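S.K.: Swiss-Prot lists these features:
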BINDING   S98, N114, Y115, R116  substrate binding site
BINDING   H102, H112, H146, H176  divalent metal cation binding site
ACT_SITE  H112  active site, proton donor
SITE      H176  site 'Important for dimerization'
REGION    266-301  region 'Important for dimerization'
Amino acid sequence: MSKEPPNNSREKTKNLLLKLQDNICKNLENIDGKAKFTEESWLREEGGGGRSRVLKNGSIFEQAGVNFSEVYGKELPQSIISQRPEAKGHEWFATGTSMVLHPKNPFIPTVHLNYRYFEAGPVWWFGGGADLTPYYPYLSDVRHFHKEHSNACEKVNKKLHLVFKPWCDEYFFLKHRNESRGIGGIFYDYQDGSGNIYKGSNKDGNAYKESNNIGELNLNWNNLFALAENCGEAFLSSYQPIIEKRVSQNYTKEEREFQLYRRGRYVEFNLVWDRGTIFGLQTNGRTESILMSLPPLARWEYGYKAKQGSREDLLTKIFTRPQDWQNDKVLEEFCLENNIFD
């Protein structure tokens, strides 16, 4: 089967991502039980547009944003040209659905999802992923999230998750803090079926090493479309059980304050390091939609240090570091001993 996109590639990916947005919003409204999404449709002067949906002040979600966009133009931003110079001079098309959920309860993690598709002349690729940012450490929740996304990847190829997991650890890393944004998940970009899976720049990282060991997988357009479809569908099964397990847990003012403090790291990553934010701002995207990922409340505290051995301390020391969450028996024993397994 040809690796090249079908003639209806743009319409097909657009419809997939619209359906993903609709499905997520419908289910999140049912889960929350109180608030509803409001929708704003918008147009981009240079070409394209989208629809932004936001749910605020729900029973579970303090804020939830689910965006769809379909944009196109003639002038590519420098961030794309530097990665794929052969795209220069071609008209381009990009579509994507992105989501960030900020729950009220500190025991329910923040979650992020993004799946996207890009074309410019002979150049095309899929990208995407999902990642979890807990504020309090529970290894069982982390394992469940990773397992669901591992299963979704393996439906296309059993080797994909071996690269996408460490690639996610690498991408969602705050270099200025020397810590991960959360416990990771999956991340992939520039996937067009050619070359090795890993397309990042860190040749010292585990994603690069795993990708080199695996070699080329010869995936075609349909395989990569199915990957986006499978992973998008895995979101609810990866996250809803965590909500159901944690939503009835009472929390203190201090635990809420720690959640807001850790949300500050989320803000720092999105404004300083996130390529999607940078791309959106460089291409004159809709600013309100681009910054929808930011939490409604966050706080910073100079020189904060958690009490040694506290759950806040264990979150900071262990759950902001890349780990083999699913298979590390030493980590499992440590979490059981310190009451942070379940």
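Positions of Cβ are set from backbone N, Cα and C atoms, glycine also.
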S.K.: Counting only residues 6 or more past its boundaries, what in the same chain has a CB within less than 8 Å of a CB in the region 'Important for dimerization' (266-301)?
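M.R.: Cβ under 8 Å, 6 or more out: 40, 42, 44-46, 50, 52, 54, 56, 62-63, 65, 67, 69, 71, 73, 77-80, 98, 100, 102, 110, 112, 114, 133, 172-177, 181, 257, 260.
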S.K.: In whole Å, how far is H146 (divalent metal cation binding site) from Y115 (substrate binding site) when you measure between their Cα atoms?
M.R.: 17
S.K.: Fill in the CA-CA distance, H112 (divalent metal cation binding site) to S98 (substrate binding site), as an integer in Å.
M.R.: 8
S.K.: To test your reading of the substrate site: which residues beyond S98, N114, Y115, R116, same chain only, put their Cβ within 8 Å of the Cβ centroid of those residues?
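M.R.: Filtered neighbour residues, in order: L17, G96, T97, L113, G127, G128, G129, G276.
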S.K.: Just counting, how many other CB atoms are there within 10 A of the CB of H176 (divalent metal cation binding site)?
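M.R.: Here the count is 9.
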S.K.: Averaged over the region 'Important for dimerization' (266-301), what pLDDT does the predicted model reach?
M.R.: 89
S.K.: Between S98 (substrate binding site) and H176 (divalent metal cation binding site), find the distance joining the two CA atoms and give it rounded to the nearest Å.
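M.R.: Cα of S98 (substrate binding site) to Cα of H176 (divalent metal cation binding site) measures 25 Å after rounding.
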S.K.: What's the number of neighbouring CB atoms sitting within 10 A of the CB on H112 (divalent metal cation binding site)?
M.R.: 23
S.K.: How many Å separate the Cα atoms of H176 (divalent metal cation binding site) and R116 (substrate binding site)?
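M.R.: Between the Cα atoms of H176 (divalent metal cation binding site) and R116 (substrate binding site), the distance comes to 27 Å.
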S.K.: DSSP on the region 'Important for dimerization' (266-301): how many residues come out helix, how many strand, how many coil?
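M.R.: In the region 'Important for dimerization' (266-301), the DSSP-based counts are 22 helix, 0 strand, 14 coil.
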S.K.: Measuring Cα to Cα, how many Å separate R116 (substrate binding site) from H146 (divalent metal cation binding site)?
M.R.: 20
S.K.: Tell me which residues of the chain lie with their Cβ under 8 angstroms from that of N114 (substrate binding site), as long as they are six or more apart in sequence?
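M.R.: Non-local contacts for N114 (substrate binding site): G96, T97, S98, M99, G127, G128, G129, A130, G276.
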S.K.: Counting only residues 6+ apart in the same chain, whose Cβ is under 8 Å from the Cβ of H102 (divalent metal cation binding site)?
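M.R.: When sequence neighbours closer than 6 are ignored, H102 (divalent metal cation binding site) has F61, E62, Q63, A64, T110, R263, P295, P296 within Cβ distance under 8 Å.
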S.K.: List, in sequence order, the same-chain residues at least six positions removed whose CB sits under 8 Å from that of H146 (divalent metal cation binding site)?
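M.R.: Same-chain residues close to H146 (divalent metal cation binding site) (Cβ under 8 Å, separated by 6 or more) are K165, I183, G184, G185, W325, Q326.
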